[in-house]
Amino acid sequence: MSQKVAVITGSAGGLGKAIALRLAEDGFAIVLHDINKELLSITHNEFTEKGYRVTAVTGDVRKKEDQENLVQKAVEAFGSVDVFINNAGIESVEPFELITSEKFDLVFDVNVKGVVFGTQAAAAVMKNQATGGKIINACSIAGHESYEMLSLYCASKHAVRSFTHSTAKELSKYNITVNAYCPGVAATAMWDRIDQAFVDHNGWEPKQAWNTFTKDILVGRPQVPDDVAKLVSFLASSDSDYITGQTILTDGGMVFR
Ligand SMILES: NC(=O)C1=CN([C@@H]2O[C@H](COP(=O)(O)OP(=O)(O)OC[C@H]3O[C@@H](n4cnc5c(N)ncnc54)[C@H](O)[C@@H]3O)[C@@H](O)[C@H]2O)C=CC1
Ligand SMILES: CC(=O)C(C)=O
C-alpha cells in the first residue's frame, strides 16, 4: 500500500507541529505549512533529521492561491492529499466593545476564510482520488461554548463547527469525510498571548487567566499538544472511516455535549 500523505496548515509550532509529529510517527508523508517562514524552516529541518518523509510550503491560509499552491506542492512531492488539516488559527481577546473592523476581518479571515479556502483546495484534489480523503478542522471548546473576552474568537470557531457540518454533507458522495477536533486549554504560544491579553485588558496577574481556565479540568491537569495529536491521529486513520460531520471535544472534561 502506498504511503498516505497529510497536509497540516500552521504546523511550524504549537498544536500543528505536535499533530505533524504524531502523523509522521503514524507513517504519513508530511507536508508542513506556515506563514512563519523562519520557524517553518527550523521545524522542517527537525523533521528531516528525524528521518521523516517531509516537505514544507510557506503560505497564508487567508489566500486562496496559497492554499491551491499548498495542495499542488503536496501532490508534486508525494502524489496525493489523503488528509488535509485546517489547523492554522489565531486568538482574539478583548471586551466586545473594542472589536474593530480590522480585528474582525483578521480573525474571520484566518479562522474561517482559511478553513473555507483550505477545504476548497483539498476537496478539489480528493474528489479525483479513488480513495477520497479526510478533512480535519481545528475547532475548540470555543466552538461549543462562548466565553467572556473571547467573543470574536468564539464566533469564528462556531462558524468552523457549522462549516464542518455543511461540508461533511456536501462531500460525503465523494468518499470525503469532514470532522473537527475541539481542544480545551492547551499549552502553546497562543495561550501565552491569551494570558498576556488578560493582563493588559483586565489587570490580571500573569498566569491568572491560565489558572482560572484550567483549575476545574476534570482530569486534573492542563492539556498538552500531544493530547490533541492523539485525537487527530484517530481522525486521520481508517479507524474513523464511519465518522463524519463531528466536532469532537478533547478538553479533559470542560465542556459536555
Ligand atoms: N492552544 C489552545 O488552547 C487551543 C487552540 N485551538 C486551535 O488550534 C489551532 C492551533 O492553535 P495553537 O497551536 O495553540 O496556536 P499557535 O499560535 O501556537 O500556532 C499557530 C500556528 O499557525 C500559524 N499561522 C497563523 N496564522 C497563519 C496564517 N494566516 N497562515 C498560515 N499559518 C498561520 C502560526 O505562525 C503558528 O505557527 C488554532 O486553530 C487554534 O484556534 C483550539 C482550542 C484550544
Ligand atoms: C484558545 C482556545 O481555543 C480556547 C480559549 O479555548
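Even glycines carry a Cβ here, placed using N, Cα and C.
Binding site for NAD(+) per TrEMBL: ASP60, VAL61, ASN87, TYR153, LYS157, PRO183, GLY184, VAL185, ALA186, ALA187, THR188, plus ASP34 from the candidate set ASP26, ASP34, ASP105. TYR153 (NAD(+) binding site) falls within a helical segment according to DSSP. Least packed by the Cβ count within 10 Å, out of the binding-site residues VAL61, VAL185, ALA187, is ALA187. Within 10 Å of the C-beta atom of TYR153 (NAD(+) binding site) sit 24 other C-beta atoms, taking all shown protein chains into account.
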